[in-house]
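Enquirer: The structure is given below, and queries will be raised subsequently.
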Amino acid sequence: MARPEGADAVGWRVQVLWEDEGAWFEGVVTEYEDQRGYYVCYDDGDEKWQPTMASSTRDDDHDTTTTSMPTLEPYQVKSSTTVKPAKPRRNNPGVFFHDKETLLEMKTKLTAKKKALDDHLRQLQLKVTTAEIAEAAQKQEVADLTAKLTVEQLTTTRRVAPPKQVSNEERVLDLTVKTRQMKKDNQKLRASVGEATTRVGVLKEKLDAARAEWHALPAQCRTSVGEIETQIALLQAQKEALIANQRHDTVASISDQLSDSALALKQQLADSDSKVWKLKAELHHWKGLVEQERAKVDAMQAHLTSLQSDMRPFRSSKLLLRSAFDRCDKDKSGDLTVNETIQMLLLLASPDDGVSEQDMRSHFAQTDANHDHRIDFDEFCAAVDRLFSNSGAT
């Protein structure tokens, strides 16, 4: 069977010898370009451009026609002065020295960078499309204005003369100015489109460099998102198993402690309930006693009020005062001492009058004209009147 060449080799499996590793690697040709050669996707995940194959392939005793899919014999890569061959894979320990986590982080950053570049590219393409649409709209507007100008020049229909007619030369001049301004705007838009195209080219170069850097990574470092998720799921399952075992080990001891503490708490609750009921009974008993004493106090207060109302008529009666004065005058001398008079007045005064012994002594010291420290009946009546007048004023 003839070996396919050029674009006919797309879809064929090939074997390529890497001289630095001294081994053959199998892959599938997915693309072909005249300048860059064959784009081979290897079975181990690597992808590289191979220059145009021009030499004989590996010699072996196996018949390639016996396979179900035709195989394209690989060529050894030769140096060329016109096309720079792609660099073969190398197991250089000085290049890939990062651990798996670092490489995964680098992969994540490169993926995010690629996504950002793609978004920026789409934005620039959108801007270019918008600028092209605006340019087409402006061109259409210029064409419409030109057509209107032509119609205005060729029309022969009579019109009602406006208050101020505008000559065709003025219209042409106005349209010429507008056309020049539109041309300037179109030039600016073309310049902006050129700048956007340049930026898109720079971003494409950066994207190609990032892809080349990504493809240069070893196959074992190219962990897919699905594999990472699988590893995360396995680790999560292991974590849950360890947590379940730990929980099972601690549940027994915790359950024993909880049972002991529950019994103690139940006993404390029962004791507290009994104390509460006992205190409630005592509270009810004391409330009954308080109500009884309050009833007694109310009765005594009513009796006191009745006695005070009965005593009011006798306070102004000299007969009652004379009887009290004679009862205190034990020696029948017709006068009393200051102490006896103060004791009598304190008995006659109400507790609410606010009369003190010191006030009475100071009063008698001022009213005792002969300084004999004896109080006759008139002085006694005057002291009683002063006492009652002060209590009535308060």
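Here the Cβ of each residue, glycine as well, is placed from N, Cα and C on the backbone.
Below are the features listed in TrEMBL for this protein:
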{"type": "DOMAIN", "residues": "316-351", "note": "domain 'EF-hand'"}
{"type": "DOMAIN", "residues": "355-390", "note": "domain 'EF-hand'"}
{"type": "REGION", "residues": "51-70", "note": "region 'Disordered'"}
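Context for these features, please: burial, neighbours, distances.
Expert: Mapped onto DSSP helix, strand and coil, the domain 'EF-hand' (316-351) counts 23 helix, 3 strand, 10 coil.
In the predicted model, residues of the domain 'EF-hand' (355-390) average a pLDDT of 76.
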Enquirer: Go ahead and report the DSSP secondary structure tallies for the domain 'EF-hand' (355-390): helix first, then strand, then coil.
Expert: 25 helix, 3 strand, 8 coil
